[in-house]
Amino acid sequence: MIPLSVRVPASTANVGPGFDSVGIALSLYLDVVVKEKADKWQVIHSFEESIPTDDKNLIVSTACKVCPSISPHIIEVTSNIPLTRGLGSSASAIVAGIELANQLGNLNLTADQKVQIATNFEGHPDNVAASILGGTVIGALDGKDISVVRIESKELGVISLIPNEELNTDESRSVLPKMFPFHEAVKASAISNVLVAALCQKRWEVVGEMMERDHFHEPYRLELVPLLPSIRKCAKEFGAYGTALSGAGPSIFILTPYEKRQEIAEQLARVFTDMKVCELEIDHKGIIVNKEEHIGS
């Protein structure tokens, strides 16, 4: 019998100009199955050897920081979220760790509390809030104050183009400017404002237009993801709303009309043969916990 399992969706962040603020949960998943208690933590997985199998694993270390009193267990982790590709793999692990602590420690955390804790770990709310709440989220971190709003976007389809190459988030952030001119900040903020308003009003053509007019980060990251302009051009010709970097890259995130997502994905796959083209959906559920029996700490 499986006593406890946790499923956490992947996420994409930024959606163009919504830098470190806008996130969308996606239909790729990290699954954690909690097995029996043990003398020490053991993580069973089939990932690369660099991923720890003990209490240094990000899921376990997060859980132990949230609730140090929980007993060690054997857990089994599976995931179809690509690592270091801009699809929130580390955020999903952090969220899974928080939920693991919540369940094993009987913490009864609210969704808002989970977002607060996860943001403190991650440093920004976009990926973690999307994975916790599902759907599309807009978040702001101001000192210790975190505000998150969730909206539904069920009319949208999602395509992700995933390259074979990894791109470390720290490397992708290193190309960003340390300072931003005031007039550029005003322009970039205005575009981000219109993106959020269009998402709320379901004006998808405007969403697509604003996605492709970012000034905060994409112009500086083009050297790391040089295919973005050509993918953007093709996607628009094939009927997509808009294209942007997925998080820090290198994956590319495309919003489409829901009914056209398969057709557009097939067309893109014929052009960009060196990339994995994934037809995805927006996950609207967020964290899912299945319990067959109660486990205490």
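The backbone N, Cα and C atoms fix where each Cβ goes, glycine too.
Pulled from Swiss-Prot:
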- PRO82, LEU83, THR84, ARG85, GLY86, LEU87, GLY88, SER89, SER90, ALA91, SER92: ATP binding site (BINDING)
**Study point:** Cβ-centroid neighbours of ATP site PRO82, LEU83, THR84, ARG85, GLY86, LEU87, GLY88, SER89, SER90, ALA91, SER92, 8 Å, sequence order
**Key:** ALA10, ILE81, GLY247
Point to revise | Cβ-Cβ neighbours of GLY88 (ATP binding site) (radius 10 Å) | key: 31
Revision key, fill the gap. Candidates PRO82, GLY86 (binding-site residues); min other-Cβ count within 10 Å returns PRO82
Exercise for review: Please compare the binding-site residues SER90, SER92 by how many other CB atoms fall within 10 Å of each one's CB, and tell me which has the fewest.
Suggested key: SER90
Point to revise | DSSP-derived class (H/G/I helix, E/B strand, else coil) of SER90 (ATP binding site) | key: helix
**Study point:** Cβ neighbour count within 10 Å of THR84 (ATP binding site)
**Key:** 18
